[in-house]
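Asker: Before I ask anything, let me first share the structure, which is written out below as structure tokens.
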Amino acid sequence: MSYKVAVLPGDGIGPEVMESALKVLNRIEEKFGFKMELIFGLIGGSAYDETGSPLPEETKKICLGADAVLLGSIGGPKWDGLPPEKTPELGGLLALRKMLKLYANLRPAVIYEELRAMSPLSERVLRDKVDILTVRELAHGIYFGEPKELTDTMGLDTMVYTSDQVERIVRKGFEAAQKRGKKLCSVDKANVLSSSKLWRRVVTELAHEYPDVELSHMYVDNAAMQLMLNPLQFDVIVTSNLFGDILSDESAAICGSLGMLPSASLGEEISLFEPSGGSAPDIAGKGIANPIAQILSLAMMLEYSFDLNEAAAAIRSAVDDCVKSGIRTGDILSAGMTAVSTKEMADAIISRI
Ligand code: NAD
Ligand code: IPM
Ligand code: MN
């Protein structure tokens, strides 16, 4: 098996947490006796500064020649004023997702027993373990719909879905639910949006093929509230690109920090793995970011792209153990504890592998 990985650290905390993940990978390689070939590439604002493009040709080539892509994060205030196609978001990350045809974004949010005190939700709400998988459509919807236009006096985005696009992601949702708690909640805005009316029709039709999965539908405004009121009712949430972006950040907050939420973006061939959060400009450069989302994204890569399930499990168990032992970066710190740095957290995880 070939283990060729494109590594794109990106901007802000991206390079800091990537360094941690690569050190973890190093230890995993040693322990499990394999070696991955890492090819580094530029993306986002740092790529723009160096080459004039947020997704340079060289990076495209590196990614297309790899078996998987491990990404840090992109963006930051420095590049916010650029023309849309030059921004780290549209010109970098979204262009890369499009190029790799990544349509299924899996964002697993799990609350660690020891981090319950970090959740903004009360113990009454968190009487059991929150374990929610958001399956977010990633290749279409309002992010990519045409026409898309920005003038001095008008901004235009188009939310469009075809039944094929909906079917593909919803099947991923049903399949994920079959492997987990067998509950699927499809989130839409079918009381208003045509694209959602179509979405709900497709989901309802497909449900007959998955009789073992209990299906519910929820409007997105209610879903945002239900996540707060009773997150335990959810197993798998399947939803469109924009709604999934928003609800997955909310699921991360419920579990304590965005710095803990990994993600896998699956396509037809090459998949991409990245933290769900961003470049965190407010803490970038300080060496205090939580590297766990990046490290768990690495674990998802080992599992989804390379079938190295034991290695992935070893990473997850080391992370669990670290959190249990009270080793915490600032974002998940309880009263009376001292925060560790990004590097210290990574070293603590490595020492447990
Ligand atoms: P953000 O996710 O970067 O940060 C939101 C909050 O979460 C901040 O307070 C930040 O400090 C905190 N946070 C995020 N990751 C953390 C970590 N690992 N450890 C500790 N705290 C963490 O979102 P934002 O501030 O809205 O956006 C900043 C930039 O990141 C923007 O340019 C945005 O477009 C970009 N962004 C990129 C990605 C990506 O690369 N996939 C995702 C989201 C946002
Ligand atoms: C995410 C981010 C991206 C998105 C941005 C940076 C384009 O918020 O990965 O969640 O909206 O998909
Ligand atoms: Mn987001």
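Quick reminder: no glycine exception, Cβ is built from N, Cα and C everywhere.
Taken from TrEMBL, the feature domain 'Isopropylmalate dehydrogenase-like' covers 4-349. What TrEMBL lists as NAD(+) binding site is 76-89, 278-290. Taken from TrEMBL, the feature substrate binding site covers R97, R107, R136, D221. Per TrEMBL, the feature site 'Important for catalysis' maps to Y143, K189. Under the heading Mg(2+) binding site, TrEMBL lists D221, D245, D249.
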Asker: Within the domain 'Isopropylmalate dehydrogenase-like' (4-349), what mean pLDDT does the predicted structure show?
Answerer: 97
Asker: Given the binding-site residues G76, R97, A284, find the one whose Cα is closest in space to the Cα of Y143 (site 'Important for catalysis').
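Answerer: In terms of Cα distance, Y143 (site 'Important for catalysis') lies closest to R97.
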Asker: Near ligand 1, which of the binding-site residues show up if the criterion is a Cβ under 6 Å from one of its atoms? Options: G76, D221, A280.
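Answerer: With ligand 1 as the reference and 6 Å as the Cβ limit, the list reads G76, A280.
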Asker: Give the number of CB atoms, excluding that of K189 (site 'Important for catalysis') itself, located within 10 Å of its CB.
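Answerer: If we count other Cβ atoms within 10 Å of K189 (site 'Important for catalysis'), we arrive at 20.
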Asker: Whole-number answer please: how many Å between the C-alpha atoms of D221 (substrate binding site) and G76 (NAD(+) binding site)?
Answerer: 28
Asker: Got a sec? Which of these binding-site residues, G76, P84, P88, has the most Cβ atoms within 10 Å?
Answerer: P88
Asker: Can you tell which of A280, A284 has the least company, meaning the fewest other C-beta atoms within 10 angstroms of its C-beta, among these binding-site residues?
Answerer: A284
Asker: Starting from each candidate's C-beta and looking 10 angstroms out, tell me which of the binding-site residues D80, D245 has the most other C-beta atoms.
Answerer: D245
Asker: As a test of the contact definition, list every same-chain residue at least 6 positions from D249 (Mg(2+) binding site) whose Cβ is closer than 8 Å to its Cβ.
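Answerer: Listed in sequence order: L258, L261, S276, G277.
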Asker: So which of the recorded positions G76, D80, R107, K189, D245, A280 sit close to ligand 3, that is, with a CB under 6 Å from an atom of it?
Answerer: D245
Asker: Please report the Cα separation of D80 (NAD(+) binding site) and R107 (substrate binding site) in Å, rounded to an integer.
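Answerer: About 26 Å separate the Cα atoms of these two residues.
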